[in-house]
C-alpha cells in the first residue's frame, strides 16, 4: 500500500498563491517515490489551479476541504461533489476537528458527507480524533469508536480500500506544536485498525490510516515508519513547498 502524504492548507493561499506553491512542490519533490502518493487540500477557490498544476504529473492529487451531501440546491455557501470533480479534484476531506468544533458538525452529518462523496465518485479522507480532556478521562476508544461508526455508517461493505482513508488527529496536537509520542501513535492506530476490522472487515487491512498533528520534516520519518501508519495529514508544515517536500520524501 502506498503511503498517502496529505496537506491541509486550511484557509490560507489565494488561487495565485496556491498555484505557485503547487508548482514549487512538484519541482521540489521531482519524481514521487513508488511507495508514496501526494494529496493537497487547498481552499475551494484554489482547487482548479492546484489541479492544473498537478495535471499529468504522476503521484500528485488534490481535494476539497469540505463538501455538502447533495447534487445541487438551495444550500448557500456550499459545494457539491460534482462541482469538486469538475475542477479536476479527486478527493474530499470530512470530519476535520475544526469543522466539528468551530462549525458544529456532528458525526452523523460527517457520515452523510462521507457516504455521499463515495457514491458520487470522490475519494474521502475521514478525520477522527479526541480532545486532551477525553484522552485523560479514559474516553479515547469510546470517542474514536463513535466517530468511526457514525462516519462510516453509510459506506458500502465492498468499498475499494484505496478510495477511503482515515486520518487520526488528536485534537490537542493540531497546530499546537505538541506531538503524540510514537508509542501513543502506534497504539492508537492499532486500535483504529481493530475498529475498522469490525466496521468494514473486507477493506480494513488495506485502508490507509494517516496521522495528523504537528507533523514536521524532523519527525515525519519516525512517524510514517510506525506500524499501521500509512501516511500523514500535514497542516502548517505543508504551506511551504520546501518543508512539505521534505516530509513527502522522509
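Glycine too: its Cβ is placed from the backbone N, Cα and C atoms.
What you see is a predicted model, and the numbers here were worked out from it, not measured in a lab.
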Swiss-Prot annotation, substrate site containing 8, 9, 10, 175, 235, 236 - matching residue among 214, 225, 245: 214
CB-centroid shell, 8 A cutoff, substrate site 8, 9, 10, 175, 214, 235, 236, site residues removed: 174, 234, 237, 238, 239
Between residue 96 (active site, electrophile) and residue 214 (substrate binding site): CA-CA distance (Å): 15
Pairwise CA distance, residue 169 (active site, proton acceptor) versus residue 96 (active site, electrophile), rounded so that it is a whole Å: 8
